[in-house]
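Enquirer: Below is the structure I would like to discuss, written out as structure tokens.
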Amino acid sequence: MESGVGGNSNERHGVFKGDSWFSQFRNGSNPWMARYVYALIFLVSNLLAWAVRDYGRITFPEMEKLKNCQGGRGCLGAEGVLRVSLGCFAFYFVMFLSTAGTKRMYNCRDSWHSGWWSAKIGLWIALTITSFLVPTFIIQIYGEIAHFGAGIFLLVQLVSVISFIKWLNDCCQSDKIAERCHIHVMLLATAAYVICIVGIIMMYIWYAPEPSCLLNIFFITWTLVLLHLMTSVSLHPKVNSVFLTPGLMGLYVVFICWCAIRSEPAGESCNRKAEASNKTDWLTIISFVVALLAMVIATFSTGVDSQCFQIRKKEAPAEDAVPYGYGFFHFVFATGAMYFAMLLIGWNTHHTIKRWTIDVGWTSTWVRIVNEWLAVCVYLWMLVAPVILGCGRTTEPA
């Protein structure tokens, strides 16, 4: 079955190999290449929002003349980020409405998704400019809605990550891989746990230097407890999960905890790293660029993973089936536009954030922590649900 599906996929990709890259871009014949163009537009929107926030008054002095900008204050800073985000969201939401439900390639909606770049880039520019002309109260309403949209993005990303871990668990338990790669899986799992323990120790050293740092101690200690809980449940005889998946999930949880504590505002005595990064240096700039690129990559990878949200039984795709869900792809980017706005303003529409910083503030910290706890709950339910539901079915009368 797999070879047949792969053969159909190769035949579809063979159609794209006849033309050059530029011809495919101009003619709109390659939806795989189109993903990177949408990601590039998303990256440019991120950079524009950052430029408006940090260097708006220097780079865009003409904004002060706009009627709806209130002397420049309404189009710069945090509100300027929301305006750029609104234009980006509107563009991807229009693409979502116009491509949702596309099943087959080589029709008008497929051509619209993969081509017509001059029209779509013009649409994106027009929507971005229009966002700077709307009244301030509309931007404030959008800022409140963006909190929920960013939360939806985090939830979609969380399901995508856990779906990948579940797929990896199924692969590791298959007969072929279990016999050939047993040693490799154990080495990788051991490395994951070593990195988790080292990361927790370093967080204690960096972010809990004194006994009075009760909040950071609670965050780190609870992360250690969650790591132990995931391992215990995974290795339970009834669950019978491999050792690798809780280790990888532990890496994800420890990383979220680290991001949460780093989001604490500078000046806190328990966050020496934030105090050290208060000055703009090359390390701060590099960290900002890496965080920005990571956000774009996360949005891109989540957007093409629509299969993890399919409820119906998967069937062999038709020869002319679309390679990924176009509507879901644009929906993820639309919510991602709200998410990058929240990161750049620290999840607070009235928050003043310093230059070359991203996702800083107590609201950002608690959003990360709640996301960590939710990730563990979803992962544990993924493990125990088959056992609980299976027991329920066996006890039913015949």
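The backbone N, Cα and C atoms fix where each Cβ goes, glycine too.
Note: TrEMBL annotation is automatic and uncurated.
For reference, TrEMBL lists these features for the protein:
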TRANSMEM  36-55  transmembrane segment
TRANSMEM  76-97  transmembrane segment
TRANSMEM  117-138  transmembrane segment
TRANSMEM  145-165  transmembrane segment
TRANSMEM  185-207  transmembrane segment
TRANSMEM  214-235  transmembrane segment
TRANSMEM  241-261  transmembrane segment
TRANSMEM  282-304  transmembrane segment
TRANSMEM  324-348  transmembrane segment
TRANSMEM  369-389  transmembrane segment
Enquirer: Taking pairs 6 or more apart in sequence, does the count of Cβ pairs under 8 Å between the transmembrane segment (324-348) and the transmembrane segment (36-55) hit 3 or more?
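Expert: Contact confirmed: at least 3 Cβ pairs fall under 8 Å.
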Enquirer: Where else in the chain does the transmembrane segment (369-389) make close Cβ contacts, counting only residues six or more beyond its ends and a cut-off under 8 Å?
Expert: 154-155, 158-159, 161-162, 165-166, 219, 223, 226, 229-230, 233-234, 238-239, 241, 249, 252-253, 256-257, 260
Enquirer: Can you find at least 3 Cβ pairs under 8 Å between the transmembrane segment (241-261) and the transmembrane segment (76-97), where each pair is 6 or more residues apart in sequence?
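Expert: These two segments do not touch.
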Enquirer: With pairs 6 or more apart in sequence, are the transmembrane segment (36-55) and the transmembrane segment (214-235) linked by at least 3 Cβ pairs under 8 Å?
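Expert: Contact criterion not met.
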